[in-house]
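Lifted from TrEMBL, the feature list:
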- 297-321: compositional bias 'Basic and acidic residues' (COMPBIAS)
- 323-335: compositional bias 'Polar residues' (COMPBIAS)
- 18-132: domain 'Ig-like' (DOMAIN)
- 150-244: domain 'Ig-like' (DOMAIN)
- 297-335: region 'Disordered' (REGION)
- 1-22: signal peptide (SIGNAL)
- 271-291: transmembrane segment (TRANSMEM)
Amino acid sequence: MTLKALILLSVWFCVFITEVTELQIICSSEPVQAVYSERVLLQCYLKPPLDAKSQTVKWTRGNDIVILRQDGKDNAGAQREHFEERAALSQEALSKGNLSLMLSSLKLTDTGRYKCSFITDNVEKSCYVNLTVGESDVIGSDQPVKANVGEDVILPCHLEPPFNVSTLTVEWTCNKTYVHVYRSMKHDPNQQDRRFVNRTSLFCDEIGKGNISLLLKNVCKEDEGLYICHVPKLHSQVRKGNITLKVDAAKHDTKQQFNGSSNNNTAKNTIGVIVGVIVGGIVIAVIARYWQNRRQTGEQNDHPNNEQVEEQQHIPLREEQEQPNPDNLSNCLVS
């Protein structure tokens, strides 16, 4: 090796040592909470960023090695059996100074304090992350859900903390009758009571978020009762949630009363129209008869018949015959 090469190597080593000395390793300051059987990312990174692909990166919990990466590859022999095939580092992330640990298929026993270490040339930088693995409980509703006859209603039920149950079975029952069954990532109608056929559904886009609420359509009075949402294979102490549905028929009855009243009013209106038409017809007939009689009377006055003419002609003749003779009158006066 030439003198020039030695000088360059010495300069590089000094720069590297300076970088390592000034290097910071940072972990999440907040405790990490995760759900049983899910996966979690325990964050750890270098500041300033430094390519760590060929360096030693180690994650431990107590005396147990979770994962050990040396010379650009994982040392599977050093890993605790409990974490086999569940712990991983991203090679792409390591090249950017990101040492975060991905821990999958979480178990309740994974809870603990994890140590992230970056080791180079006998210089070790470390930080810690606290992990808590808990169970998701099925949560129903403390308050009864109310609906009117004929309406659609949502019966709320979810998992807390949120948990993906898309691969699990979800059962909805009421009075030991199957209302809705979700199995093998789809609705299973085989056990569903025929009374609920084509009236129930889950929110498929929400199941992965732990929302297993039930949509019940066209509610009737017989739907009233205690509903239970159940996830049988959930790794939890609380696998069931209760929801009480109360159905109010008042709106329906009011509608019936309104319809009855409307029918009565319609009948009354129809009878009124008929009576009005009859009365109107009678009035029109009377008026028409009156005018007809009056016209006939007028025509008779304008054109008198022969008997009337004859009577009128004979009247003055009779008067003339009844007038006293002047001679007779004088005779009477003389005597």
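Positions of Cβ are set from backbone N, Cα and C atoms, glycine also.
For the transmembrane segment (271-291), no residue of the chain approaches it from at least six positions outside its boundaries, judged by C-beta separation under 8 angstroms. Assigned with DSSP, the residues of the domain 'Ig-like' (150-244) fall into helix, strand and coil as follows: 13 helix, 38 strand, 44 coil.
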